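Taking it in order: structure first as structure tokens, then the write-up.
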Amino acid sequence: MAVSWRSWLANEGSKHLFLFFWLSLNVWFFWKTFLLYCRGLQYYYLHQMLGLGLCVSRASASVLNLNCCLVLLPMCRILLAFLRGSQKVASRKTRRLIDKSKTFHVTCGVTICIFSVLHVAAHLVNALNFSENYNEDYLAINAANYRGEDPRKLLFATVPGLTGVIMVLVLFLMCTASTYAIRVSNYDIFWYTHNLFFVFYILLMLHVSGGVLKYQTNLEEHPPGCFNPNKTLLGNMTVLKSFEELFPDYTTEPFPEDLTFPEPLVQSNFMRICSKEPKFQSHFPETWFWISGPLCLYCVERLYRYIRSNKPVTITSVISHPSNVLEVRMIKDDFRARPGQYVILHCPRVSGLESHPFTLTMCPTDTKATFGVHLKVVGDWTERFRDLLLLQSNQDAEILPIFQQRRYPKLYVDGPFGSPFEESLNYEVSLCVAGGIGVTPFASVLNALLDDWKCYKLRRLYFIWVCRDVESFRWFADLICMLHNKLWQENRPDYINIQLYLSQTDGIQKIIGEKYQALNSRLLIGRPRWKLLFDEIAKYNRRKTIGVFCCGPSKMSKILHKLSNSSNPYGTRFEYNKESFS
């Protein structure tokens, strides 16, 4: 399967260009800081004491500052949703790059973990060198109190050391709990440990306030490595013969400031003369400049989101669908959303802190204020949520509206937030592929087309839905049938191409109900033959750009991604998009 460079650049070009810029920025900061502490005159005495550990610790710290700044930006959901929906970001490539925000967040997080290990290792060496290479000439530069002091005291008895140890523990918990295995098996652990980021940033600001590493401030009065004749000669140090000849009556009295020296001696590479002792000063913490802006932006956004979602929604109805799927329909004042967006649900009776994202399957319009979500009951949170909403959770029955039946628990909705599927209506031709419950992003798109398909740029939609059991198709069977019938009535049957695949079955099955006859004729047994499907779509849409949208298993996504980058003889370009909650 040959790769089309045109398609590859469309799908991967901007992403790789951005990553290359980010990587170059990291390398530049690391190398620039490394050379500064290795060759900088102001760090001459500190480098003599600590050696390579100083350079590596500071260089890794500069990379950590950069990524601790950047890692928060992809989590500013409102900012990203504004940019994605704003006319200021008119380029589709830029909007698709914004959709990679979660990937960039993970990349920055992994970088923080890697360079934290390097930073810690370098500082362990520094702690040992502070103890062994205690400078008795310039006491102000020392972090240890005396030569041979236990390095563990520097780690556990100082503010930078203690905060560093705690940050390592917090980062370890956040890193391990973010692995795929833990997120899938126990999402609660991931949720609670990831919110320790606030503790991490507080410790980070305290960590840099210790002032352990110091630089020299009076380089003109005391060039690094110079000889100061005003200093009392210690121990068995002997005065150079040249100085004895010049100053036979030399004592420990202050050296005459107005006395001139022979020019060759002053400029000699062998010795430089200075009249003052070096002065050292702690660095002003630079980390504040890096993280204060993004941290304030994130906190302001979280405050705005809290205020915006502080009023609970009104649940109008709850429907229990086959295969453990629950539909919740709600109303909220001044709620606006675009097809393809998602919201975050928070139910205090289920969990005081935990909340989860769900794609909108129904968006409010000018004629109706109702919006809704479909959620698969898997895991503790969804199970408790279902039990609170349904009177009898084992019955597949529709619950009557609130004013007729019961009071529902308080439910808070945060959002909406942007997703790649907003773009599905902005292509002339779109291919939407869903696996199981992954159909939810496309439900809001189908609902929007049902209301009015003529106002969108989309003129042809290929809709592929793969499920394991035939009952799952009933989640949106009514919606698909209504859209199909409407398009037939308006003489546009070619507007949507529907293909339903039943991947696991013991024989021929049908969606029960006479009204689903249109879907039964499009129900196929087995899995799609993706290569033939792409070739057929490319053939009938020559030299067009087709948006490919996928929400389903990872294996399916990888196949579609690979096919989108492959070449075809028809000049058709496929642009790949994948759902990824941020």
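Yeah, the Cβs are placed from backbone N, Cα and C, and that goes for glycine too.
Taken from TrEMBL, the feature domain 'FAD-binding FR-type' covers 308-423.
Under the heading transmembrane segment, TrEMBL lists 20-44 (among others).
Long-range Cβ contacts of the transmembrane segment (64-83) within its own chain (Cβ-Cβ under 8 Å, at least 6 residues beyond either end) map to 22, 25-26, 29, 89, 95, 98, 101-102, 104-105, 108-109, 111-112, 115-116, 119, 201, 204, 286-287, 290-291, 293-295, 297-298, 301, 304-305, 341, 415-418, 582. Here TrEMBL flags 64-83 (among others) as transmembrane segment.
The transmembrane segment annotation in TrEMBL covers 104-125 (among others).
The annotation transmembrane segment is assigned in TrEMBL to 154-177 (among others).
Sequence annotations record features per position, and here TrEMBL assigns transmembrane segment to 189-208 (among others).
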Field: Stretch of maximal Cβ-Cβ contact with the transmembrane segment (104-125) [cut-off: under 8 Å; candidates 20-44, 154-177, 189-208]
entry: 154-177
Query: At least three Cβ pairs under 8 Å linking the transmembrane segment (154-177) and the transmembrane segment (20-44), pairs spaced 6 or more in sequence?
result: no
Query: Which bits of the chain, at least 6 residues beyond where the transmembrane segment (189-208) starts or stops, bring a Cβ under 8 A of a Cβ in it?
result: 68, 159-160, 163-164, 166-167, 170-171, 173-174, 177-178, 182-183, 285-288, 291, 295, 353-354
Composition by DSSP (helix, strand, coil) of residues within the domain 'FAD-binding FR-type' (308-423): 15 helix, 41 strand, 60 coil
Message: Counting only residues 6 or more past its boundaries, what in the same chain has a CB within less than 8 Å of a CB in the transmembrane segment (20-44)?
response: 54-56, 58-63, 66-67, 70, 104, 107, 111, 215-217, 219, 223-225
